[in-house]
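Pasting the feature list from Swiss-Prot:
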- Cys52-Cys67: disulfide bond (DISULFID)
- Cys91-Cys108: disulfide bond (DISULFID)
- Cys134-Cys149: disulfide bond (DISULFID)
- Cys161-Cys179: disulfide bond (DISULFID)
- Cys193-Cys205: disulfide bond (DISULFID)
- Cys239-Cys251: disulfide bond (DISULFID)
- Cys258-Cys273: disulfide bond (DISULFID)
- Cys285-Cys303: disulfide bond (DISULFID)
- Cys421-Cys434: disulfide bond (DISULFID)
- Cys706-Cys719: disulfide bond (DISULFID)
- Cys715-Cys734: disulfide bond (DISULFID)
- Cys736-Cys749: disulfide bond (DISULFID)
- 70-110: domain 'LDL-receptor class A 2' (DOMAIN)
- 316-355: domain 'LDL-receptor class A 8' (DOMAIN)
- 28-797: topological domain 'Extracellular' (TOPO_DOM)
Amino acid sequence: MGTSALWALWLLLALCWAPRESGATGTGRKAKCEPSQFQCTNGRCITLLWKCDGDEDCVDGSDEKNCVKKTCAESDFVCNNGQCVPSRWKCDGDPDCEDGSDESPEQCHMRTCRIHEISCGAHSTQCIPVSWRCDGENDCDSGEDEENCGNITCSPDEFTCSSGRCISRNFVCNGQDDCSDGSDELDCAPPTCGAHEFQCSTSSCIPISWVCDDDADCSDQSDESLEQCGRQPVIHTKCPASEIQCGSGECIHKKWRCDGDPDCKDGSDEVNCPSRTCRPDQFECEDGSCIHGSRQCNGIRDCVDGSDEVNCKNVNQCLGPGKFKCRSGECIDISKVCNQEQDCRDWSDEPLKECHINECLVNNGGCSHICKDLVIGYECDCAAGFELIDRKTCGDIDECQNPGICSQICINLKGGYKCECSRGYQMDLATGVCKAVGKEPSLIFTNRRDIRKIGLERKEYIQLVEQLRNTVALDADIAAQKLFWADLSQKAIFSASIDDKVGRHVKMIDNVYNPAAIAVDWVYKTIYWTDAASKTISVATLDGTKRKFLFNSDLREPASIAVDPLSGFVYWSDWGEPAKIEKAGMNGFDRRPLVTADIQWPNGITLDLIKSRLYWLDSKLHMLSSVDLNGQDRRIVLKSLEFLAHPLALTIFEDRVYWIDGENEAVYGANKFTGSELATLVNNLNDAQDIIVYHELVQPSGKNWCEEDMENGGCEYLCLPAPQINDHSPKYTCSCPSGYNVEENGRDCQSTATTVTYSETKDTNTTEISATSGLVPGGINVTTAVSEVSVPPKGTSAAWAILPLLLLVMAAVGGYLMWRNWQHKNMKSMNFDNPVYLKTTEEDLSIDIGRHSASVGHTYPAISVVSTDDDLA
């Protein structure tokens, strides 16, 4: 027998004798459970946490056999029944022991409130933060925290409204109802303006230099009227071919013209439109829009006003416990089943072997929890906190998958769940909401010519910065107590201290042509902004001395922007065609789309860092939505033509989302999970554009890796956080201004405007290489490198002497490569196509090339920084 035949016989015998896997079919063996599971004697798999927990989860009780008596850890509280729970759950107002002993009066009556807390009374074990007293909300179960509060006393520079609310004295007699009860506009004398001011028709005053400058500063545009200026104001906006220009100056998509939904501020896109009628196969909503007829009464609000789901009838009338559906299709009352009379055409209501038999009497019907006997047959049910994973077996419900079931942190337990709060928050037992501990949170928003603040608890309403021109974007560095805003008229970004009563502000960044939004990186001390005119996203240091384009391609109408310096990502919206929300590293790498479907006009975005979600407003769809930070798990929070008529910007804090609506000129708030509990916080605004929450917990502290080992990370220009994709991701990378590349050392900058000339000199036989650079920005010193390369004499015969040796070397190399190719074909190989893996491994191989001693940051060797900056130049 030949060698090949022997090998074949040996392989056949090995296959026949090889033991089969335990999960193979046809062996009769039980399926193998996961390492995190326990296998019952009957083969069922349960989570390992349920073994020896005192509760029989296997039908045969095998999970509670041979169990050693459990001992609680030192950090646990021992319940009276022996159960262990974390000590922090003791006396928190929520019974966690099955016997409730963690909340017993014996355990909790001696509870001592911590510093900065107050007791809810002699007969209460509840403690609340001092800042929650007299905040207008009942936080104690007894409501004692809101008793004997008295009237709020306003400061000398504030006005007390009839309702007791405090507002800035600058709001009194300004022609707007800022108290919301009109008391700030009572008994007002006719307003007068200064010698160098112009009085608008609304009685407000503006500098005389702002009149007839083609920029309406009066809310009624009287400073640019034909009567005042002798001409119509010149509208400088020029829209691209895919857009139309509104009468009020802005640009919108052509396809939005005459679609029944006003998108222009003045509604000019819906003027002189032909009357619309829906096709026969369509349903006409009450607002005049058309949807496909199949979408009517489908259980989903397809019309913005929800009229497609009104007066819908349930076509299936055979629902509920009092009905029985025959196999032949009829629907009869359950009382007619097993009454020895034919009510179904096929006699399916009178099965001989199933009527008057209680299957639950034998082995509980095979049900793991509850067996319910029915007139015909039976059904299995589960205890609270459990659900059927098949028709008989109950498994734990993961309640934490339900949005909003907990305010912040949800811990899934067997048959239930536990809610907790993040650091800096405390749970309000009355509402279950995690509320911030410390100073009162407030909303700060732009109002065109000023910046205002309203407290979220006491509703104090004041003016922070006044005498501005056209404020459109806003953010803050809360730790530094600084505000940053962009002014459209002055094409610049400004800064001011939030507690500066004088109102001084400084121009930080100039030549910002059409700033749509700004976002402050509070960890690395930089600022990001979108520019709708130049179609760019830029980044700069907070003092404005160093700046660059981060992205200047594939942007149509960049709008809102948000940053997460803790993970190194920046997010922005773009309402161009096609509209989308994108995500990228804050250093300009790893750009990718986040939301691309069912999105039309994403005006505002904001991040919920605690829940790791992104929220956005769609002004065209009149919708507030959210996704996780990978673009998954999309949810619609609110859809409303009334409260989301033309939303512009939004922000999130605790369990509330707040937004500005441009058409209603108001600030609204709602529950961020459900969109319920709608409330109006401020109205009668004047072209408000942006809004933020001001509280220390909005910007969690983080480590600035650029200052960890050396100043600015050793970078010559900008040091920017890198996206934290995996454990191998660098903490930061160096970045250069537009027109410059990062050198191989990963730190220094080199001009991309380099020209190379060759000049041959007979005397030295060398070629001179000279570099000519363009304009060098401040702070960048680019040195010109000149090298000499020896040129061999012409006509030399030295090359002929080494030619045989060269041919021999080439033959040896060729033979080696052929051997390598043969060896490669006879080896097992593994392909790694995952781009993240490829990028990571390439980085690991190149991490130490030309890098300083700090190991936390480096450039991306696998993705050339040079080519990226070339694209941005």
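Each Cβ is built from the backbone N, Cα and C atoms, and glycine gets one as well.
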Give me the CA-CA distance between Cys303 (disulfide bond) and Cys67 (disulfide bond), in Å, as a whole number.
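So the alpha carbons of Cys303 (disulfide bond) and Cys67 (disulfide bond) sit roughly 59 Å from each other.
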What are the non-local neighbours of Cys134 (disulfide bond), defined as same-chain residues 6+ apart in sequence with CB under 8 A from its CB?
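Listed in sequence order, they are Asp145, Glu146, Cys149.
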Using C-alpha atoms only, work out the spacing between Cys179 (disulfide bond) and Cys736 (disulfide bond) and round it to an integer in Å.
50
Cys706 (disulfide bond): which of the disulfide-bonded residues Cys258, Cys421, Cys434, Cys715, Cys734 have a C-alpha within 10 angstroms of it?
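Qualifying among Cys258, Cys421, Cys434, Cys715, Cys734: Cys715, Cys734.
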Can you check what DSSP calls Cys706 (disulfide bond), collapsed to helix, strand or coil?
helix
Checking the contact step here: among the disulfide-bonded residues Cys285, Cys434, Cys719, which have a Cα within 10 Å of the Cα of Cys734 (disulfide bond)?
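Neighbours among disulfide-bonded residues, in sequence order: Cys719.
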Which one is it: of the disulfide-bonded residues Cys91, Cys239, Cys273, Cys719, whose Cα lies the shortest distance from the Cα of Cys52 (disulfide bond)?
Cys91
Given Cys421 (disulfide bond) and Cys736 (disulfide bond), what distance in Å do their CA atoms have, once rounded to a whole number?
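Cys421 (disulfide bond) and Cys736 (disulfide bond) have their Cα atoms 41 Å apart.
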Quick one: of the disulfide-bonded residues Cys193, Cys205, Cys273, which has its CA closest to the CA of Cys715 (disulfide bond)?
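Closest recorded candidate to Cys715 (disulfide bond) by Cα: Cys205.
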Helix, strand or coil for Cys434 (disulfide bond)? Use DSSP.
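Once the DSSP labels are grouped into three classes, Cys434 (disulfide bond) ends up as strand.
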List the same-chain residues at least 6 positions away in sequence whose Cβ sits under 8 Å from the Cβ of Cys161 (disulfide bond), in sequence order, or say none.
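In sequence order, the residues whose Cβ lies under 8 Å from that of Cys161 (disulfide bond) (at least 6 apart) are Ile167, Cys179, Ser180, Asp181, Ser183, Asp184.
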Residue counts in helix (H, G, I), strand (E, B) and coil for the domain 'LDL-receptor class A 8' (316-355), per DSSP?
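Split into helix, strand and coil, the domain 'LDL-receptor class A 8' (316-355) gives 3 helix, 7 strand, 30 coil.
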Based on Cα distances to Cys749 (disulfide bond), point out the closest of the disulfide-bonded residues Cys67, Cys193, Cys273.
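Closest by Cα distance to Cys749 (disulfide bond) among the disulfide-bonded residues Cys67, Cys193, Cys273: Cys193.
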